Amino acid sequence: MNICVIGAGYVGLITSLCFAKQGNRVICVDKDIEKVDKLNKGIPTIFEENLEELLNECLTSKTIFFTKDIHQTIRDSDVIFIAVGTPEMDNWDVDISQVTEVINQISYSINDYKIIVNKSTVPVGTQKYVKELLIRNGVSKDKFDIVSNPEFLREGKAIYDFLNGDRIVIGYDSEKAKMVMEKLYSTFNTKVVFTQPEAAELIKYASNAFLATKISFINEIANLCNKVGANIETVAYAIGLDKRISPEFLKAGIGYGGSCFPKDTKALVKIGEKNECDFKIVNSAIKVNEEQRLLPVKVLLDKYKSLKGKVITILGLTFKAGTNDIRESPSLFIIEELLKQGTIIKAYDSEASPEIKQIFPNIIYCHSLYDSLIDSHCAVICTDWEEFSTIDLSMLKKKMKNPMIIDGRNLLDLEEVKKNNLQYYSVGRGNWINY
Ligand SMILES: NC(=O)C1=CN([C@@H]2O[C@H](COP(=O)(O)OP(=O)(O)OC[C@H]3O[C@@H](n4cnc5c(N)ncnc54)[C@H](O)[C@@H]3O)[C@@H](O)[C@H]2O)C=CC1
Ligand SMILES: O=C(O)[C@H]1O[C@H](OP(=O)(O)OP(=O)(O)OC[C@H]2O[C@@H](n3ccc(=O)[nH]c3=O)[C@H](O)[C@@H]2O)[C@H](O)[C@@H](O)[C@@H]1O
């Protein structure tokens, strides 16, 4: 099939490459010319498992091409995927202006029948809105069908997830479009759910909100564990043995970040509001997360009372391991708050995207883990990078001014911590050790 994917970000790039690998001819369009140039040269624009190999495989087989020219690409394609950003607005609404812009561009370029597939996460009702917009722009009804096909990949495991997802969801209102989508996904060994567009749009928000709620729930249990002397790892393990609960997404820590859980939970609350449904549980999950991500600041203030002039090391800037993405990372909120308290911040993350330097130009970025610990009063582990779980604790002790760790991802072995006589706080594993 001739496929066009608009947007070469996390979702668009992976969608393009995975469809190209399945034997389709794919053109991926992005308005960022620097991205387009790099990708055509085989240089990955994001940090993602197996991306470089797949990109170069598809470039060599000429099944993929990247361009800025949306007009010609639309004309040459049978199926057009939209994978542009849908960021959060200050009032928790979803900003779908990038989708609108793409639809306006399609309206201008469309020459014959196209299936337009929305892969971006968009509010319920967007399929209908897009349809109406095309018609308002003068495109005749028989020239298009609109499908809603939300994406469930995780960053870091994006290629694997795209090809081996738990389900593919297709929201459609035309048999013709359904048949084409069925054919397109026929090579995937994944359960396909065909449904109405509104249901497809809602499935995406409900999935993310459920997972986010699960994390906030376990974090509240972890906070209680700290008070009563129970270990969250044992508690979560035992809860997760119940197949109805499942062991996934029960890892306690300093909360969820990323470009989706924070924005999609808020979007669902807003969609609910507009339909007179008060999402109390999701609202609470958001609130718990906002407090949880600042837990290290609270712990530090409890210990030091004033943090002015204290040197604090932040270990990990990305929102989780396996990605360079810093969007809504808990570490950003921690750094922001610690700077307000007058601390000196040293940060280390070997992969974090360089944009971090624009957000915090005045903190010290270290090139090595151990350098970041020199003269520090406390190291706060914010990301579950493997490098931090295998840290040499005796070396850490020598480097730091005060050997204290707040482990926001429960990475370190408690026995090792005790053996090294470190002051140590983790999330739900017994409050302070050696304090
Ligand atoms: N990042 C993730 O893991 C997942 C994201 N999603 C959803 O997928 C959508 C895209 O997310 P990301 O890929 O993370 O976004 P992103 O911000 O990484 O990429 C979006 C890309 O679209 C391009 N773009 C915007 N307007 C354009 C236009 N008119 N023409 C050509 N290119 C244009 C931008 O330059 C950018 O490269 C969002 O709705 C997000 O919620 C869904 C599942 C997973
Ligand atoms: O819509 C999206 O963008 C995507 O959002 C998440 O994927 P992602 O944000 O890449 O990462 P996750 O692995 O889900 O982790 C999200 C956050 O939750 C945190 N987390 C995760 C699991 C857990 O048990 N505990 C926990 O604190 C992680 O540290 C991270 O900050 C979903 O898992 C994907 O299915 C979805 O497609």
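The backbone N, Cα and C atoms fix where each Cβ goes, glycine too.
Since the structure is predicted, the reported quantities are computational estimates derived from the model, not experimental observations.
According to TrEMBL, the feature NAD(+) binding site maps to D30, K35, T86, T121, E155, K263, R327. Long-range neighbours of K35 (NAD(+) binding site) (same chain, six or more residues apart, CB within less than 8 Å of its CB): A8, T45, F66.
Taken from TrEMBL, the feature substrate binding site applies to F152, L153, R154, E155, K204, F249, L250, K251, A252, G253, G257, K320. E155 (NAD(+) binding site) counts 24 other C-beta atoms within 10 Å of its own C-beta, drawing on all protein chains shown.
Residues or ranges marked as active site, nucleophile in TrEMBL: C260. Classification of C260 (active site, nucleophile) by DSSP places it in coil, neither helical nor stranded.
Within the model, the domain 'UDP-glucose/GDP-mannose dehydrogenase C-terminal' (313-414) carries an average pLDDT of 96. Feature annotation from TrEMBL assigns domain 'UDP-glucose/GDP-mannose dehydrogenase C-terminal' to 313-414.
Of all residue pairs in D30, K35, T86, T121, E155, K263, R327, the annotated binders of NAD(+), the farthest apart have Cα atoms separated by 25 Å. Ranking the binding-site residues K204, R327 by the number of CB atoms within 10 A of their own CB puts K204 at the top. Each residue of the domain 'UDP-glucose/GDP-mannose dehydrogenase C-terminal' (313-414) gets a DSSP state, and the totals for helix, strand and coil are 30 helix, 18 strand, 54 coil. Neighbour list (T86 (NAD(+) binding site), Cβ cut-off 8 Å, at least 6 residues apart, same chain): V94, D95, I96, Q98, V99, S120, T121, V122, K263. Cα proximity to G257 (substrate binding site) (within 10 Å) is found for the following binding-site residues from D30, E155, R327: R327.
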